[in-house]
Amino acid sequence: MFSSLIIAVLLAHLVYIEGAPVRDPSVNIQSEVQGYLQEFGYMKPNDTAPIAPGSEVVSEALKSFQQFASLPVTGQADETTLKRMSAPRCGVTDAKMSSLQRFVLGGSKWNVRNITWAVSGYTKQLSESVVDAQIAKAWKVWSDNTNLTFSKSIKGQRPTIDILFAKGAHRDGSAFDGPRKVLAHATFPRAGTVHFDDDETWVPSGKAERDGISLFIVAAHEFGHALGLDHSKVQTALMAPFYKYSPKDDIIDRDDIAGIQAMYGQPGAKSGVVNSRRDLPEDERIATTEKASAY
């Protein structure tokens, strides 16, 4: 979306071609920037009327985004900022984070120690066995670092967390936007859903970056949300919102570990959580959060 607009910045001074008036590309850029800032929480979403370029509202919103994304804080939609805005990322808002926060807890957690999962809708890009293996591998990122276990649910049993591959609108109020930008989204506890955009090109771990989006990396990030972690402003963290390719399996950061252990303790630690979702009272099994996260 933004890649073509970056090029347009360089052409913004051209207003006529062969005598015909050409729309100023900077108008499109401002519209896209404003839409991005609204979508990710830096401007009010009901500010639909165009705002003058360079206005204080836009400038302050850009500064907040730049600070969060560890960019030079200029308050301008410069090339560096536009490039970061064009990167595949999570769709949850960022603006609530302070400059001092690293990992952020989403405000809810599971009161079960053994969490089950199931894929209710597979992608056709990979075999079901490959998808399951990547999902299990992503869960292991978290089980290696906290007092939780994860297993695929028995057929016919309601899982703690349901996983789905879908395109466009898929009955959750958060339609996917096609290739790139938002890759996936998840609900915080205790809603128990993780959705992947099936318009992306999904590949298993170990593939080259040019081959597609790593299911393992995105799943591990989304599972962090499903366990109750919000985004981190630490850019090396798994829970930072921007997709980061890595050929390695060791993708978790100390910041992520601190966050998950703050919620569930260290591996093997005693806790007051119960053993399964079925041990919870009925009202505790119901989704208690409306907030969703997208990567």
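Quick reminder: no glycine exception, Cβ is built from N, Cα and C everywhere.
TrEMBL entries are annotated by machine, without manual review.
Among the features that TrEMBL reports, active site is placed at GLU222.
Marked as Zn(2+) 1 binding site by TrEMBL: HIS170, ASP172, HIS185, HIS195.
Annotation source TrEMBL lists compositional bias 'Basic and acidic residues' at 276-288.
The domain 'Peptidase metallopeptidase' annotation in TrEMBL covers 106-266.
Per TrEMBL, the feature region 'Disordered' maps to 271-295.
The signal peptide annotation in TrEMBL covers 1-19.
Taking only the Cα positions, the spacing between ASP172 (Zn(2+) 1 binding site) and GLU222 (active site) is 16 angstrom. In terms of local Cβ density within 10 Å, HIS185 ranks first among the binding-site residues HIS170, HIS185.
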